[in-house]
Amino acid sequence: MPFSDRKKSDMCWHALDGESVLKEVASQLGGLTQDVAAQRLALYGPNRLRPPKKQSSWQRFLTQFHNILIYILLGAGVVTAILGHWVDTGVILGVVVINAVIGFLQEGKAERAMDAIRRMLSVQACGLRDGTRCPIPAESLVPGDIVFLQSGDKVPADLRLLKVKDLRIEEAALTGESVPVDKHMKPVPETASIGDRKGMAYSGTLVTYGTGTGVVVATGDASEIGRISAMLARVQTLTTPLLRKIGEFGSRLSLAIVIGAVGVFLFGVLFREYGFSDMFLASVGLAVAAIPEGLPAIMTITLAIGVQAMARRQAIIRRLPAVETLGSVTVICSDKTGTLTRNEMTVQTLATAAYTVDVSGVGYDPHGGFSLLGNPVVLADLPDVMELARAGMLCNDADLSHVEGVWQINGDPTEGALVTLGRKAGLDYRFEHEMWPRTDVIPFESEHRFMSTLHHDHAGHGFMYIKGAPERVLEMCAFQRSLGEDHPLNSRSWHDRIEQMASRGQRVLAVAVASTNHEHRELRFRDVEQGLTMLGLFGIIDPPRAEAIEAVRQCQQAGIRVKMITGDHLVTARTIGFQMHIGDGKQALSGQVLETLSDEELKRVVRDIDIFARTSPEHKLRLVQALQAGGEVVAMTGDGVNDAPALKRADVGVAMGVKGTEVAKEAAEMVLADDNFASIAHAVEEGRRVYDNIQKSILFILPTNVAEAGVIVSAILLGTMLPITPVQILWVNMITAVTLALALTVEPPESDVMRRPPRSPGEAILSRFLLWRIGFVSILAVAGTFGLFLWETDRGATIETARTIAVNMLVVFEAFYLLNARSFYGSVLSRNGLLGNPYVPLTIGMVLGIQGLFTYTEVMQTLFHTTDIDGLAWLRIFGIGAVIYLLVELEKSVFRIILKLRTPDLKI
């Protein structure tokens, strides 16, 4: 029967034996014919991932205009054009275009994640066609093709393995685990996770050792990596809390602006008998006044400054709003390997029949020490332990090198840990191999679960070392070495110690030895099958990063819960979690159990459990979604392809920059340049500072907008000329207000920024207190500006002079109020208030200089309809500004007294 059922891509190939798989894919060990391969290529398509649909640059630019406040500004521009006020039209449309360009340039998150996945597919494969071994372009592979693998190959498609010899494949990109997986051909249960499917080789993974032969069972989008790519395409990137709040705020403000403008227009026409043209212009002025045009620019600049600050601390932001979102994160879901841990296997325990020795030092740096019962010890004084260390170095194919100040391992990470241990013990790698050269070797194979090497010294003595799974090595032993002598093996004692070490999350290796004669030069299985002498055990672990432990503590202190999501085993995950103070060391959930939970059950469970083990890409994505459904703001860290869908779905995806895959980096909002989890704590602190400064900027800018609108409404209600024109309003909103607000973008963090809990995701961006402050200050500004305008017109000043004074009054009010806005409650009349931010006096001086040009230069007078004013006018302006400043300080002092009465320990 021809292989034409496309649903076969959903089959559990890992649960079938090789013969059944060949039958299902209608193939044979000799491979497909060229004709059949061509037919299947036409049916299934090339072995590459389907490219996603992308927005063009023009489409991305036009989406920047999809904002209700922008629509109102565009409408205002159209109205002014109809009325023939071309300068006003040009300025309004210029503001709209500038905002769109800023958004377009800063929105750098394109859909490049799938491109990175596609680049992971190898370009050439070695396979069988028409019974002949030949190179096959990876894109031409089809289900049923026979493919050969060898060390260094990138697996070109999903394969069910039919033959293996010492085959090990690094699947870190898919599972997140750095230790290469020993492959075999046996079926495994259908429910096995990716990391346990030992009979499969997945597209995009890397062959690190040995050889193998497999049959293609899935290509392109049907492969495991294609499935992840499809998940990534389906995952919707959530908008950030700030953008949601700004969107809600914009919608409400827009409704209020439209209602207000229509109401003012009707009132002026019906009750004040203004002309239609005048009231259209007045309504446009009201709309322009109420819209905080400068706010998007200030937010962008504040976020950009946060990006620069984070970059200095090794956190690279790829998407601006992520800076603020970091400040509201309530949960961090972290991958284990390489993120919380060093991704460098380390021997932690040495156990012989007589001793259990603890080893210090982490990673591949060969500096460390040894202790016995808590007391320092020199291994040379413990011959049995020293022989165990020497055996680990000799029965080994890895090597250690020092490159540019960094210790690196060449070969298997676990074997690298044994070489590092030998160096710590004082053994020289080259000397040991010269003194006891290797004569023969039985490589490690998953079928027999051990490696053996034959050595001869220069005196003719021969011996064999055997290293492997402890249960297998114990089966081959009859004796154990203790204090230099061989005794009958105590299997029960060794099994108890193995169980004890495994319970601490250690990966356990056993080593045995056997003597042989000088003539013995060829190593055979029967030479090592029985009668060996047990030397001891190695307890190996991927140790936690010390700085990550501290970072976890800082995050928890800041009210952020850290959860560990890993592909590793439950025991190991629990142990690492306990060492890092994540979870209680007892509760953990496996991917197999997670699979059985409904979304509602998972939503409840995820609140209480912090350790998740043996997880798949779908599990990680479900966990992030469950947390978000519970109202959490989630950051997800990771470095592998398997993390990409969850990274994209999370509110903040955090990828590792050094060891992370390109796929993870493209899906993330933030990349850690140093792969250091500790950088996240710094980024959270910066994110909270950014949010505070955005709030302060809003608190500073909105009173100006409300005051401008209030001045226009007051003028219409009283039947007077408009104190300010639309184009003058835009000058205040876009030039002076933005310039002054820049000083707030670099305001230092509050002292308690990392000691307070995350703000609630549902918290309004403007609290009742902030609304009160905005209303209070706006009333003062309206009274000062409109009152001064009326006083000037009553004295006989021309409308140009009165308007020029009104505009300058608004600007001077802004300058004084900037000092107030530096702190929500604290007084500016303090050392920190005066000297804490040197940019405040600098920007005030700059704005006053610009305002001089606005008032006195001919070009500006033509554009903005201003005129010269005298020194007495400036005295009145500054006098009123100072009074407003003092009244706001008085209001803040009243609030400080109230807060002190409520919370005596509060420091403001």
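Using the three backbone atoms N, Cα and C, a Cβ is placed for every residue, glycine included.
The following features are taken from TrEMBL:
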type: DOMAIN; residues: 12-85; note: domain 'Cation-transporting P-type ATPase N-terminal'
type: TRANSMEM; residues: 61-83; note: transmembrane segment
type: TRANSMEM; residues: 89-105; note: transmembrane segment
type: TRANSMEM; residues: 253-271; note: transmembrane segment
type: TRANSMEM; residues: 283-311; note: transmembrane segment
type: TRANSMEM; residues: 698-722; note: transmembrane segment
type: TRANSMEM; residues: 728-748; note: transmembrane segment
type: TRANSMEM; residues: 769-790; note: transmembrane segment
type: TRANSMEM; residues: 802-819; note: transmembrane segment
type: TRANSMEM; residues: 839-859; note: transmembrane segment
type: TRANSMEM; residues: 871-888; note: transmembrane segment
Among 253-271, 769-790, 871-888, stretch most in contact with the transmembrane segment (698-722) (C-beta, under 8 angstroms): 769-790
Intrachain neighbours beyond the transmembrane segment (802-819), with Cβ under 8 angstroms and 6 or more residues off its ends: 700, 703-704, 707-708, 711, 721-725, 728, 731-732, 736-737, 740-741, 743-744, 777, 781, 784-786, 788-789, 792-793, 828, 833, 840, 843-844, 847-848, 851, 854-855, 864-869, 873-874, 876-878, 880-882, 884-885, 888
Stretch in 253-271, 769-790, 839-859, 871-888 most in contact with the transmembrane segment (728-748), if contact is a CB pair under 8 A: 839-859
Limited to the domain 'Cation-transporting P-type ATPase N-terminal' (12-85), I'd like the whole-number average of pLDDT. 82
Who are the long-range neighbours of the transmembrane segment (871-888) in its own chain, taking Cβ under 8 Å and residues 6 or more past its ends? 776-777, 780-781, 784, 787-788, 792, 805, 808-809, 812-813, 815-817, 819-820
